[in-house]
Ligand SMILES: NC(=O)C1=CN([C@@H]2O[C@H](COP(=O)(O)OP(=O)(O)OC[C@H]3O[C@@H](n4cnc5c(N)ncnc54)[C@H](O)[C@@H]3O)[C@@H](O)[C@H]2O)C=CC1
Ligand SMILES: O=C(O)[C@H]1O[C@H](OP(=O)(O)OP(=O)(O)OC[C@H]2O[C@@H](n3ccc(=O)[nH]c3=O)[C@H](O)[C@@H]2O)[C@H](O)[C@@H](O)[C@@H]1O
């Protein structure tokens, strides 16, 4: 059993802390946000993630999971220190490493013996070396020759399925520079190792690049099916069948071939931009990644056009929007397509009624600047009452069960924009709606 510190108690930090405790480690989660830490100490989980609250409470109760703002004690008492802070996009598209390097400095200040410092955050290639140099400079200024290792251990969890993704990953990636570091990290992940989860053990740069290459490829794959979907609408093909036909080829797989209004989330957009920047910084523009970024923005605007081309002048029209989070089973609105789409609809004079099972709190903040045109409702039936059209932007499972006869009678108009292809056209048109989706 190793004593672990996780610096940064956001999505990844919290899931990592709770799951490493589940693996039998003793974990201290640190954050500079005092309110967040106090909330966690009092059982308040600041994010909506299925299963997280239960896992955090279980290990907090068994004193295997601790929360603090005191990084000094946490560093002194831990053998392995994971950096899980944010790496948001800067103006030039690169990842902002301010927080990562700040934590590296804090660790160097309090290091009191051999430590393994692990980059869990998604960081551009070369960051591990920067972390190492930052710590080394501070130690040498103090004539402190304490040894340490830096490890890259990128995370692949998806929001909404984060616990399962962490406990049963497809693989564990370790960028290491010593046998000792590899040995300790294999012990930290002894449980998944025991379940046959494969490890990829490589150098820091390769581990860092695996993360970006994977995320950008997944973003590209989604963008590819979105573009095929747009062409399907012109040539009368069915993108759902195309995805099925493609996906039967095991080299392609059916995963991540669902077209929609564009990808969102805190990572695909930011990581694609960061990788594109790395390409340009090395005089090797990654044209496919750069085009993915452009095409994804275009996809959101294509959705707006689809609405205004079919509903005509939106001035004074009301739309009932079902789902605004970037995907189901999360309250996260970071880079959600709804942010661009709703703003454009309001700009065209539309009024919006919104229902999202988990997105209201964040949504109110994000749409505060247009709050006179956006009304939050407490359920999907209230959100569609008296509207001219329905707009589905997030495929929350409950929306598939909506009572179509009831909503047809409750609505003023009959426009039905299903941008997640939840329904079959025939079923919706049979109820008297004008049905619009993506690629069918
Ligand atoms: N959200 C996700 O699904 C995934 C995120 N990642 C990566 O993990 C990293 C973290 O992402 P999230 O957890 O989503 O971010 P987040 O924004 O939810 O959490 C980051 C936390 O770090 C804290 N923090 C920032 N600077 C700090 C400092 N100097 N000392 C202590 N705490 C500090 C913040 O207060 C915040 O609570 C990013 O690099 C992201 O790309 C990787 C895989 C999945
Ligand atoms: O680095 C990260 O943060 C994470 O980013 C993504 O996970 P996440 O963003 O949580 O969610 P996804 O399920 O990947 O969906 C991302 C976006 O793509 C969209 N998407 C996904 C799949 C698909 O077929 N079509 C599609 O439009 C979703 O609606 C969503 O907006 C990756 O899937 C994770 O492996 C990675 O760890």
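Glycine residues also receive a Cβ, built from the backbone N, Cα and C atoms like all the rest.
Taken straight from TrEMBL:
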type	residues	note
BINDING	31, 36, 87, 122, 159, 270, 334	NAD(+) binding site
BINDING	156, 157, 158, 159, 211, 256, 257, 258, 259, 260, 264, 327	substrate binding site
ACT_SITE	267	active site, nucleophile
DOMAIN	320-425	domain 'UDP-glucose/GDP-mannose dehydrogenase C-terminal'
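Features per TrEMBL, on structure.
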{"residue": "31", "record": "NAD(+) binding site", "DSSP (3 states)": "coil"}
{"residue": "36", "record": "NAD(+) binding site", "DSSP (3 states)": "helix"}
{"residue": "87", "record": "NAD(+) binding site", "DSSP (3 states)": "coil"}
{"residue": "156", "record": "substrate binding site", "DSSP (3 states)": "coil"}
{"residue": "211", "record": "substrate binding site", "DSSP (3 states)": "helix"}
{"residue": "257", "record": "substrate binding site", "DSSP (3 states)": "coil"}
{"residue": "264", "record": "substrate binding site", "DSSP (3 states)": "coil"}
Open item on the list: Please report the three-state DSSP label of residue 270 (NAD(+) binding site).
Closed with: helix
- [ ] Mind tallying the domain 'UDP-glucose/GDP-mannose dehydrogenase C-terminal' (320-425) by DSSP state, helix then strand then coil?
- [x] 38 helix, 19 strand, 49 coil
Task: Neighbouring C-beta atoms (10 Å sphere around the C-beta of residue 264 (substrate binding site)) - done: 25
- [ ] Kindly point out which of the binding-site residues 158, 211, 259, 334 have a C-beta less than 6 Å from some atom of ligand 2.
- [x] 158
TODO: Compare the Cα of residue 257 (substrate binding site) against each of the recorded positions 31, 87, 267, 270, 334 and report the nearest.
DONE: 267
Open item on the list: Here's one to test understanding: among the recorded positions 211, 259, 264, 267, whose C-alpha is closest in space to the C-alpha of residue 36 (NAD(+) binding site)?
Closed with: 267
Task: Proximal residue to residue 334 (NAD(+) binding site) among binding-site residues 156, 158, 211, 259, 264 (C-alpha distance) - done: 264
Task: Under 8 Å by Cβ from residue 158 (substrate binding site), same chain, sequence gap 6 or more - done: 165
Open item on the list: List, in residue order, those binding-site residues out of 87, 257, 259, 264 with a Cβ under 6 Å from any atom belonging to ligand 1.
Closed with: 87
TODO: Name the one residue among 259, 264, 267 whose Cα is closest in three-dimensional space to that of residue 87 (NAD(+) binding site); these are the recorded positions.
DONE: 267
TODO: Take the Cβ of residue 270 (NAD(+) binding site) and count every other Cβ within 10 Å, whichever protein chain it belongs to.
DONE: 23
TODO: Would you count the other CB atoms within 10 A of the CB of residue 156 (substrate binding site), including those on all shown protein chains?
DONE: 17
